[in-house]
Amino acid sequence: MLIPGMEEQLNKIPGFCENEKGVVPCNILVGYKAVYRLCFGLAMFYLLLSLLMIKVKSSSDPRAAIHNGFWFFKFSAAIAIIIGAFFIPEGTFTTVWFYVGMAGAFCFILIQLVLLIDFAHSWNESWVEKMEEGNSRCWYAALLSATALNYLLSLVAIILFFVYYTHPASCSENKAFISVNMLLCLGASVMSILPKIQESQPRSGLLQSSVITVYTMYLTWSAMTNEPETNCNPSLLSIIGYNTTSIVPKDGESVQWWHAQGIIGLILFLLCVFYSSIRTSNNSQVNKLTLTSDESTLIEDGGPRNDGSLEDGDDVHRAIDNERDGVTYSYSFFHFMLFLASLYIMMTLTNWYRYEPSHEMKSQWTAVWVKISSSWIGLVLYVWTLVAPLVLTNRDFD
């Protein structure tokens, strides 16, 4: 929807750029508006399925068949809703949906943060276990190298932030964001190796802190790239020496249809979805987020369950319904995650820009604060995983 030339096809939709003709070139707005409509259709499709699947407890529920089958009808419904979204009258649709998308994207960022914290702990546990089992010197070197690399990347990022995103007499917000997040990451790193923390969690360490630090630096950069003041927000291509098209091009110019932070955001999104799909965490709370449940509902050792329908010695491999007694994940929450993901993709592809009454696509301070606050919440969540065993002594955190 954003690639050059697509606006010519989208302009054929009656009324799609009607209000802007003669005021501002449609190629500035059409792509962004099309992304909003397409993602609106996807989001509504997943939200409808999420509401439909509430309280589905087992595969014997008639609604479970909709979740696990009827693919032709579901694809048809999704396409129909998306097409219908393109014919919604403009009015305040884009403005209202911008704020809905921002709220949903914020929630999805928080989910990414929880998954990242779980990934950091799992990574550290895996390598520590291998170090204890044998060849400790090799695994210790790998652990140390990965930690050092993460902190080195974070240090380089901080230096580049101060060089390109701050000026001596301006950009005070950027200076505050960089400094505060740097100090918070330093504090979390020091806390992870305190004797009290190590006593309650022997496997907590700097590797987890380094991963959280790198991601916090990414969120800091992503927030600064959404600042409305262009002198404090240089594009990545301009930093490396290339001239780029401005956010609001003149007549006849084409809007820049991709952004570095948007591409990185989409890559992280794909990694997050992939990780949530394959990961079964040791933490039951994370399992609820990664759409898995207790192992008791799964077929042990992946073996087929003999329900009497097979003769002894019959070695037939077939699909087994392992959700007759209870679903292995929440169908409703599964679709709700995809609803939030649709909103996150929408905001990422449009670089969190909002259509202004002055007929411009502009960055918003709201987007900046959403991303910065999410980085702070992520650090708070990580620190909580460190101190929780000390605070809630009556709970098992193994």
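Each Cβ is built from the backbone N, Cα and C atoms, and glycine gets one as well.
Per TrEMBL, the feature transmembrane segment maps to 34-54 (among others).
Residues or ranges marked as transmembrane segment in TrEMBL: 66-88 (among others).
The transmembrane segment feature in TrEMBL is assigned to 94-117 (among others).
Per TrEMBL, transmembrane segment is recorded for 138-164 (among others).
Positions annotated as transmembrane segment by TrEMBL: 176-194 (among others).
Summarising the annotation, TrEMBL assigns transmembrane segment to 258-278 (among others).
What TrEMBL lists as transmembrane segment is 333-353 (among others).
Feature annotation from TrEMBL assigns transmembrane segment to 373-392 (among others).
Counting only same-chain residues 6+ beyond the ends of the transmembrane segment (176-194), those with a CB under 8 A from a CB of the stretch are 154, 158, 161-162, 165-166, 204-206, 208-210, 212-213, 216-217, 220, 223-224, 372, 375-376, 379, 382-383, 386-387. The stretch from 34-54, 66-88, 138-164, 333-353, 373-392 with the most CB pairs below 8 A to the transmembrane segment (94-117) is 333-353. The stretch in closest packing with the transmembrane segment (333-353), judged by the count of Cβ pairs under 8 Å and taken from 34-54, 66-88, 138-164, is 34-54.
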